[in-house]
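Novice: Take this structure first; my questions come after.
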Amino acid sequence: MQYDFLTATILLILIVDPLGNIPIFINALRNVAAERRGWVVLREVGIAFMTLLIFLLLGEHFLRLMHLTDISLQLAGGIILFLIALRMVFPAADDRMNLEVVGEPLIVPLAIPALAGPSAMATVMLLSSQGPGQTIEWIGALTVTMVACAFVLILAERIQRLMGPRTVIALERLMGLVLIAISVEMILAGMRSFIRQL
């Protein structure tokens, strides 16, 4: 599957899942003063952005260093994405939404893994390896994704009040369904590439 700025942006937004992260952020920031919550969200989004940017810029070199191919990354990324998307559609009873955070969260669990999780890291590495000449597009897509995340998560409580928890959950499951289809396509594309090189 070939990506451009628009498709990469949509893919990253689906994977980072700002709507699905609303309950996690609300729960994690419960003990943080209301006037600090916006700054904490911006800081965590910034940390997630820098983490994914490092994986984006150094991902191709890391793959070469470890003697990994695009095909193995595509298959592994597709499998990880499939498992995470499956959990979005069928959340476990002890889901990460119930995570208790003492004091002000820093890096874990909001920046990593809520925003910059394994599937997001694998995806930016896949983008950089498949389109090394499109780095500016990938950085742009990542920037738009993180700006959208910051906007949604700063307004998390208002959005949840406006839409209601059930609507947020329904939208997350819909995005999970789309991600399952994308992950299957990634796995099939990796398998086709593997068969062609035999």
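For all residues, glycine too, the Cβ spot is worked out from N, Cα and C.
The transmembrane segment annotation in TrEMBL covers 6-29, 41-59, 71-90, 102-126, 138-156, 177-195.
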Novice: Near the transmembrane segment (177-195), which residues from the same chain, at least 6 beyond its ends, have a CB less than 8 A from one of its CBs?
Specialist: 1, 11, 14-15, 70-72, 74-75, 77-79, 81-82, 84-86, 88-89, 126
Novice: Check the transmembrane segment (41-59) against each of 6-29, 102-126, 138-156 and return whichever range has the most CB pairs under 8 Å.
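Specialist: By the under-8 Å Cβ criterion, the transmembrane segment (41-59) pairs most with 102-126.
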Novice: Under 8 Å between C-beta atoms and at least six residues away from its ends: which parts of the chain pack against the transmembrane segment (102-126)?
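Specialist: Cβ under 8 Å, 6 or more out: 11-12, 15-16, 21, 24-25, 28-29, 31-32, 36, 40-41, 43-45, 47-48, 51-52, 55-56, 59-60, 62-63, 70, 73-74, 76-77, 80-81, 84, 96, 138, 142, 146, 149, 186.
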